Amino acid sequence: MEVGIDKMSFFSTQYYIDMVDLAHARGEAPDKYLIGIGQTQQAVAPATQDVVTMGANAADQMLTQADRAEIEEVIFATESGVDQSKSAAVYVQKLLGINRYARTIELKQACYSGTYGLMQARDYVTLHPKAKVLVIASDIARYGINTGGEVTQGAGAVAMLVTANPTIATLNQDNVFMSDEIMDFWRPNDSSTAVVDGKFSANIYRDFFKEVWERYQSQTGRDLNSFKALVFHLPFTKMGLKALRDVLPEVAEQKQHALMDSFEASRRYNKQIGNLYTGSAYLSLMSLLLNDDTLAAGDELGLFSYGSGAEGEMYSLTLQPEYNQGLIKEQLPNLLAQRTQLSIAEYEKMFDSVVLGSADRELDITHDHAKFVLGGVKDQKRQYVEQF
Ligand code: CAA
């Protein structure tokens with residue numbers, strides 16, 4: 001029996017900034033951001049969106065009433081969670097009207113935990129073939145105004161429904177992973193922004209990719225020629241490009257061009273949205289599926305997931321004949337077309353309006369067009385609102 005991703009859906013916030021504006025404001029050459037970092041725009045989260053609302057807004061668009069009745073687990077991956085005890089999954093279960101006999105859990109290991117969630121879902125469905133598992137990867141990447149990491153911020157959520165006989169792709173049982181305790185990026189409990197050793201983190205990413213890739217090849221007997229495309233965790237899109245370039249010399253020139261073309265398709269939306277942390281590799285997968293018109297049923301895709309701290313994992317997916325039907329085709333183009341551009345001053349104000357902590361507050365939700373929004377905090381309880 002094949003198990004994998006049956007449906008995928010995406011959500012990001014309605015605001016963005018342009019990287020040329022940010023470069024000007026920070027006294028950098030625009031090409032450093034556009035080419036050197038590989039980002040053109042960046043999603044900005046208002047105070048009325050958090051990982052719960054973004055996750056619910058993503059999943060809501062793809063779930064039928066039958067799905068909501070049949071889901072057996074809700075797995076929520078995030079590294080920018082809103083509570084140290086209560087999982088984001090149980091908020092989402094209620095917001096989405098998912099049945100009360102589902103399990104709910106939140107996972108954490110930096111940007112890696114979305115992949116762990118997906119594998120947990122795959123293994124559960126393998127044991128329980130009638131089950132549906134909802135996996136959500138949702139994050140707001142925050143480094144701070146005028147920091148080195150600022151150009152690599154972003155926000156959004158990817159939702160995936162894992163089932164037997166999936167519409168999009170099977171998740172193959174060929175995972176190779178490694179982890180090692182490394183201080184490249186972390187976020188202490190009292191900080192709303194990440195702490196990062198930027199260049200070190202980028203080097204560790206590359207080292208992990210190389211080591212995991214070599215181990216993957218020796219354990220599976222596969223090589224780059226086995227894959228139609230490689231999909232990467234993209235904290236900024238140049239990062240994936242560097243990793244890909246490290247291994248391209250392993251194949252003939254024609255294959256190198258084909259892999260580069262697919263990579264360009266896979267980073268198109270990430271360039272415009274920014275880092276999604278846990279969801280980043282899966283936004284890249286959606287970007288590939290929606291933008292690479294050379295894909296065909298049976299194609300093998302390799303996916304490299306990385307989370308600082310640090311953990312890396314490589315596995316393959318096999319594309320299914322009707323993969324396009326598991327995606328909402330116009331979702332991403334529409335979302336991008338409908339966003340409002342902020343000036344850098346407006347972005348800075350919005351960034352500072354996001355408060356960590358449980359102080360009571362009422363938020364103005366009238367400007368937020370999303371279905372699920374955070375209305376405020378009352379008696380230290382987060383108040384989620386369904387607007388339509
Ligand atoms: N035209 C074209 N390119 C230019 C340029 C110009 N005018 N000016 C500079 N560049 C290039 C540089 O040559 C450099 O390219 P290479 O990396 O290929 O050498 C690139 O632009 C970036 O320049 P710098 O290295 O000088 O940039 P920086 O010091 O400002 O920092 C960064 C870059 C370290 C990525 C920083 O943005 C950062 O700390 N980001 C957050 C951390 C991060 O994303 N780490 C990734 C791995 S960790 C991970 O994956 C988990 C996660 O999601 C966080």
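For all residues, glycine too, the Cβ spot is worked out from N, Cα and C.
TrEMBL does not curate its annotations; it predicts them automatically.
Since we're looking at a predicted model, the values are computed, not measured.
For the (3S)-3-hydroxy-3-methylglutaryl-CoA site, TrEMBL lists TYR143, LYS242; matching the candidates ASN99, ASN172, ASN175, ASN275 against that entry yields ASN275. Under DSSP, residues within the domain 'Hydroxymethylglutaryl-coenzyme A synthase C-terminal' (263-350) fall into helix, strand and coil as 44 helix, 20 strand, 24 coil. Cα spacing between TYR143 ((3S)-3-hydroxy-3-methylglutaryl-CoA binding site) and GLU79 (active site, proton donor/acceptor): 13 Å, rounded to the nearest whole number. Taking every pair among TYR143, LYS242, ASN275, the residues listed as contacting (3S)-3-hydroxy-3-methylglutaryl-CoA, the largest Cα to Cα separation comes to 22 Å. Each residue contributes its Cα atom, and for GLY148 (substrate binding site) and ASN275 ((3S)-3-hydroxy-3-methylglutaryl-CoA binding site) these two points are 14 Å apart. In sequence order, ALA202, ARG206 make up the list of same-chain residues 6 or more apart from LYS242 ((3S)-3-hydroxy-3-methylglutaryl-CoA binding site) whose Cβ falls under 8 Å from its Cβ. In three-state terms derived from DSSP, CYS111 (active site, acyl-thioester intermediate) belongs to an extended strand segment. Candidate recorded positions: CYS111, HIS233, ASN275. Nearest to GLU79 (active site, proton donor/acceptor) by Cα distance: CYS111.
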